[in-house]
Amino acid sequence: SKLAALFEHPLYNIPIPEVTEKDKLFIVNPTEKFSLRSSGSDEWVSSSKAETLLPTGKTAYDTYPTWLKFHVGINRYELYPRRDPLLPTLLRDLATQRIISSVQKSGGTQLKLIMTFPNYGQALFKPMKQTRDQETPIDFFYFSDFERHNAEIAAFHLDRILDFRRIPPVSGRLVNITKEIRDITTDKKLAKTFFISPAGNVCFYGECSYYCSTEHALCGKPDRLEGSMAALLPDKTLAKRRSWRSPWRRSYHKSKKAEWELNPNYCAQVRETPPYDRGHRLLDLIDMTILDFLMGNMDRHHYETFEKFGNDTFLLHLDNGRGFGTHSRDEPSILAPLQQCCSIKKSTYLRLQLLATRPYRLSDLLREALAADPLAPVLAEPHLRALDRRLGKVLAAVGHCLAR
């Protein structure tokens, strides 16, 4: 396994700083036991109300479902640890747990569903809209592109291979539209959009601002539909997140350009603007830029952080569905922050150099990681080969900066 060898490499074993209580997203009461309410309400109760005692030798933490252990493990430095024993179980839960509720997630330009499991875990479901071998048409603007379920799956694994670990775990899943969405939804607006197509397939389209219409309906075969299931982050009422507008955000206009596209010295003013004027925030943003360039994702207008950790924490790389749309061409403008600032974390640069060597070739590692997904093959081969080409371009951009 090339992947196992990669994670054994010294560059993937650089220790993170010691995690103190103030560095944890949640402070856990060691006596608090997880127990499900029999009433069916969406809450778990603490040991003060729990009726049963813990078995000998078990701690309260052992009673937590995997999704809750994932939430409890989040800290200032990482969303999940490198050698996370929970990861395989969490991915399996996302792919196999029984779905007891499906409702549409509000907001956004395209249809997404929130799925709930019997243990109160929840996942964000993005349905399949594009086949593996389709490319985004060359005349499409980035803001009118489809969101791809397989891009969400591949982005999670790529983020992990780069050792960022800033994307919540994602698994592919084959969903039965009839039994796992239509028959169990309590969402009246969503329920009104189901129909049977002329070909006899079950279809629905939901309500949203862009691709929610009969012409853009999602249809099963006859009721089986592929999608990505992403583990949800803790509810914002429990762990507030702050949304930051990216300084290199695109104009989202057909003819206007953003300031960074017109001003080659744009980075100088970013460096003087909080929170980029101190700490590692700018370097974290450049990490995200590199991830986006490798995927071909032009749609990074915002990013988020957990409010509790202030400015000194990692960036969450959420919403990656517009990645992996094209393999035959690259988008150099995504690398603007790296090229204009000529800055990169040393650890990131060393890992990128490693991923360009034959024993640890990036395309081989991602191919191996994705082979275990229930929807494998997740990416068409040309997308995997494009990664190696793009990695070469990132290293060339750093080389150009070093030469200057």
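Glycine residues also receive a Cβ, built from the backbone N, Cα and C atoms like all the rest.
Quick look at what TrEMBL annotates:
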| type | residues | note |
| --- | --- | --- |
| ACT_SITE | ASP299 | active site |
| BINDING | GLN110, LYS126, GLU147, ALA230, ALA231, LEU232, LEU233, GLU304, ASP319 | ATP binding site |
| BINDING | GLU147, ASP319 | Mn(2+) binding site |
| DOMAIN | 194-403 | domain 'FAM20 C-terminal' |
Length of the line joining the Cα atoms of GLU147 (ATP binding site) and the residue listed as 'active site', in Å: 10
Distant-in-sequence Cβ neighbours of GLN110 (ATP binding site), under 8 Å, six or more positions away: LYS126, LYS129, PHE146, GLU147, CYS208, TYR210, TYR211, CYS212, GLY321
Binding-site residues (ALA231, LEU233), the one with most neighbouring Cβ atoms at 10 Å: ALA231
Other CB atoms within 10 A, centred on GLU147 (ATP binding site): 25
Most crowded position, judged by CB atoms within 10 A, among ASP299, ASP319 as recorded positions: ASP319
Residues GLN110, LYS126, GLU147, ALA230, ALA231, LEU232, LEU233, GLU304, ASP319 binding ATP per the record - widest CA separation, whole Å: 20
Neighbouring binding-site residues, C-alpha within 10 angstroms of ASP299 (active site) - of ALA231, LEU233, ASP319: ASP319
